[in-house]
Amino acid sequence: MKQKILFIDRDGTLIHEPSNDCQVDAINKLEFKKYIISSLCQLMNFGYKFVMVTNQDGLGSKSFPRENFNIPHFFMLNIFRSEGIIFEDVLICPHFLDDNCDCRKPQTKLLKPWLKKNKIDKQRSYVIGDRETDMELAKNINLTGIQYKEKEFNWIDITKEIIKRNRYREVIRETKETYIHIKLWLDLEHHSCIQTGINFFDHMLEQLSIHSGISMYILAKGDLQIDDHHTIEDTGIVLGEALSQALNNKNGLSRYGFVLPMDESQAKCIIDLSNRPYLSFNAHFKHKMVGDMNTDMVEHFFYSLCCSMKITLHIDVKGKNDHHCIESLFKAFGRALRKAVKIEGNTLPTSKGIL
């Protein structure tokens, strides 16, 4: 399995860089950037590993003796370690810019051992630094760069951005009866494209996407010449799998979501990301079809989704119009899901230690 790596600059990003000489060569010059400890802990909980990459002009020279560098540097590493934050590697270029070496950022020599391993998840690994040279380094190793700016884009902002990009999944399921391809982004809104061949079902999934705040790409091809059963069932299975995988790390999750009556149809939905599949479905429809969708498949869709997502779901609706009832169910589920997947902290939302 490929590893998510954050290649992080030191001076100006992890710790303050002195403006007078740009050297952290004494304990009293060591100052951590705001929110750095809590942010790295949160990112670590999402499976990230850290590599420090730093240019230290003239390290080992008379103007910057290595022993002067080592004291605050190892003190810094020990503080990180005391909070459970471990750097897998510390890569240091000791040269001046005029030395024209091939290891000074944005050159890539220091990182070649990491790149040769071919075990980096390039879609979800980043270079983080405060300088343009850090962004150039990111480009040179084909990773996304995130520039730290203390007043405009600090560690809280960086952490939110990484987690937002991290909660993405793509799942494809192909059988003799259907082909289902789903991509979703839990923290990206209003970028959905849904095509199942069932117009009313498309409309319901669009409502789910809008009200959950989850962008969805859904392409479903099934044996609609027979009926809509396999297409709707397998869409529910794959959507549940994609949501479950995107929520693989549940640290900080709200976990629970609920909505009370909405619209004239009085839809209720209660959700628990419990890892225990269970569905309580209370709805009665007057007609066999709404548009081109069989109303019997509404419950079966939620059942398929519950089983593959491994959630506990209670949904209830009352109303006179089948269209409004079904639509309010999807809206209510979306609203409840929005609350349940929201990140509110750093800890696992259970006393069991596993979810």
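Using N, Cα and C of the backbone, Cβ positions are placed for all residues, glycine too.
Copied over from Swiss-Prot:
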type	residues	note
REGION	1-166	region 'Histidinol-phosphatase'
BINDING	Asp9, Asp11, Asp130	Mg(2+) binding site
ACT_SITE	Asp9	active site, nucleophile
ACT_SITE	Asp11	active site, proton donor
BINDING	Cys93, His95, Cys101, Cys103	Zn(2+) binding site
REGION	167-355	region 'Imidazoleglycerol-phosphate dehydratase'
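Cβ neighbour count for Cys93 (Zn(2+) binding site) (all protein chains, 10 Å cutoff from its Cβ): 20. The CA atom of Asp9 (Mg(2+) binding site) is located 12 Å away from the CA atom of Cys93 (Zn(2+) binding site). Here Cys93 (Zn(2+) binding site) is positioned 17 angstrom away from Asp130 (Mg(2+) binding site), judged by their C-alpha atoms.
Asp11 (Mg(2+) binding site) is surrounded by 18 other CB atoms, counting those within 10 A of its CB over all protein chains shown. Rounded to the nearest whole angstrom, the C-alpha distance between Cys103 (Zn(2+) binding site) and Asp11 (Mg(2+) binding site) is 17. Same-chain residues with CB within 8 A of the center of the Asp9, Asp11, Asp130 CB atoms, the Mg(2+) site residues themselves not counted, are Arg10, Gly12, Thr13, Leu14, Glu17, Thr54, Gly129, Arg131, Asp134, Tyr148.
Same-chain residues that are not part of Cys93, His95, Cys101, Cys103 yet have a Cβ within 8 Å of the Cβ center of the Zn(2+) site turn out to be Asn55, Pro94, Asp99, Asp102, Arg104, Gln107, Lys109, Leu110.
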